[in-house]
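Colleague: Could you have a look at this structure, given as structure tokens, before my questions?
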Amino acid sequence: MRPSKRAPEELRKVTLERGVARYAEGSCLVTFGETRVLCTASLEERGPSWLRGSGKGWITAEYAMLPRATHERNRREVNAGKPSGRTQEIQRLIGRSLRAVVNLPAIGERQIVIDCDVLQADGGTRTASITGAWVALHECFTWMRSRSIISVDPMRDHVAAVSCGIHKGTPILDLDYAEDSAAETDANFVITGSGGIVEVQGTAEVTPFSEEEFLGLLRLAKSGVAQLVALQKQAVG
């Protein structure tokens, strides 16, 4: 039995509530069990200078954790002078994941900034951020179309993310913090609604895992992402 008492293939309770930030063009409060992340999408009329004249837009992301999102208070990274390596890695992952399913020329030479702020962390903050950020971005595109800023929907597909791992020899889906800490293997999968793989991050914490075990985790992740995509569809109507 896994520490959370869930079945091996069972997600935590996931909710996606859009329209939670009054001023943002798009927003979503996402929960994966006790993990809670506020995702917002902000439209900037000017894109990056290096894309000027290309006719393409850009999507970038920033990620942060509130100081007391964890068991003990963490120092705000702004006071350290720069984001940690972990934060930079997650920011880039969120941006890459969203750009993989967006027609960037359809945005025009504009930039959309995704902010993912972790209110409470219990494992899977990066996977929750990607899943919720897609909803916030979808709402931003809807806002842009309603004001004739863009004429077509730039969104080409859904994208969501989920963690998988091997705990006491058993493959499990959507690890919370206790499970992640005790897992022999853990991995994050970013997958599109049509089944395309955007990114895989996997680590053997104890002993190397086999190709067969990896493929088992991939199958588990695809089943989890299919459920998350269904929830995204419900959230955006």
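Any Cβ shown, glycine's included, is placed from N, Cα and C.
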Colleague: Of the candidates R75, R76, R86, R156, which one does Swiss-Prot list alongside G124, T125, R126 as binding phosphate?
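Modeller: Phosphate site check in Swiss-Prot: besides G124, T125, R126, the record includes R86 out of R75, R76, R86, R156.
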Colleague: Check the binding-site residues R86, R126 for other C-beta atoms within 10 angstroms of each C-beta and report the one with the most.
Modeller: R126
Colleague: Is it possible to get the count of other C-beta atoms within 10 angstroms of the C-beta of G124 (phosphate binding site)?
Modeller: 26
Colleague: Starting from the Cβ centroid of R86, G124, T125, R126, the recorded phosphate site, name every other residue in that chain with its Cβ within 8 Å, sequence order please.
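Modeller: Counting only non-site residues, the set is Y63, I90, V118, A121, G123, T127, A128, S129.
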